[in-house]
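S.K.: The structure follows.
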Amino acid sequence: MNVVVDTHTHTLASGHAYSTIIENARSAQNKGLKLLCTTDHAPEMPGAPHYWYFNNQRILPRFLHQVGILRGVEANILNVKGEIDLPSSSDQHLDWVIASFHEPVFAPASEAEHTAALLNVIKSGRIDVLGHSGNPNYPFDIERVLQCAKEHNVAIEVNNTSLTGKSRKGSDVRCDKIVEIGKEVGVYFTTGSDAHFCEEIARLELAIALLEKYEISEDKIITTSTSRFLNFLLLRGKPIIPEFDSLY
C-alpha cells in the first residue's frame, strides 16, 4: 500500500512538539508525501495556541518543499454535546478538522458519555475525522459510532503513534477492533503519524499493516492518493482548493 498523505502532524505551536512547519514539509518531501495536514492542538489543550493561530493559516503557502499543505487542527471534544474548542467562525479557514479526546480537556467518563460525545461531534458537521479513537481510557459503542460516521462521511483515523505503545498505551487492541468493525460498516479510513517531531512525519508503517491485515480496500483509505483525499473533502462539502487543481 502506498500512502501519500499524512493527516495528523504537529508543529512547535502545539506547545509540546519540536519542529516547524518548514521542517515538517521538508521531511514530508524527503519521504515521498504529496500532501501534509498540519494539525496543531486547539486552544483548550495546555500549551496550545489561541484560535487566531488557526484562522491565520490562510497566509500559509499551499506548497512548501513541493508538498501540498492542508490547513488543519486537532480539536478537542469538550463535552457530551460534542462541542469543540474553536468558534464556528474558524471553520471557513480550515481544510481538515480532527476531533479527539484528550485527558486534560475531557476527563474519562462512562462508555455512554463517550459514545454520546462522539455521536454528537460527528452530527455537528464541523469535523472531518475522529482522531486516535482507540484510546482505552475512552471506551465507546464502536458499531454505533462507526455507523454514524459512515452516514455523515466522517473518516476514522488509524493513528500510528497509538499503535507504537508510546502514547495511549493499550490502544492497539481497540484499534484492531475499530478497523475490523469499520470494514464491516464501510467507513472511510485515514492514516496519521501524529508526528510531534519532523522525523516522525510519514511514519505510518503500523497503521498500514493494520489496514492490510483486514484487507481494507484502498478506495476506503483516503490517504492512498491525492485524488481520494481531496475528493473526500469535496464529499464533506469543502470547496475546491484551486492550487491543488491537478491533484484532484
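Glycine too: its Cβ is placed from the backbone N, Cα and C atoms.
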S.K.: So Swiss-Prot lists H8, H10, E74 for Zn(2+) 1; which of D176, D194, D219 goes with them?
M.R.: D194
S.K.: Hey, Swiss-Prot has Zn(2+) 3 bound by E74, H102. Any idea which of H50, H132 it lists too?
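M.R.: For Zn(2+) 3, Swiss-Prot names E74, H102; of H50, H132, the listed one is H132.
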S.K.: Can you give me the Cα-Cα distance between H16 (Zn(2+) 2 binding site) and H102 (Zn(2+) 3 binding site) in Å, rounded to a whole number?
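M.R.: Given the Cα positions, H16 (Zn(2+) 2 binding site) is 14 Å from H102 (Zn(2+) 3 binding site).
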S.K.: Around the Zn(2+) 2 site recorded as H16, H41, H196, what other same-chain residues have a C-beta within 8 angstroms of the site's C-beta center?
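M.R.: Those within range, site residues removed, are H10, S14, G15, A17, D40, M45, G47.
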S.K.: Cα-Cα separation of H132 (Zn(2+) 3 binding site) and D194 (Zn(2+) 1 binding site), in Å?
M.R.: 9
S.K.: Ten-angstrom check, please: count other Cβ atoms within 10 Å of the Cβ of H8 (Zn(2+) 1 binding site), all chains counted.
M.R.: 27
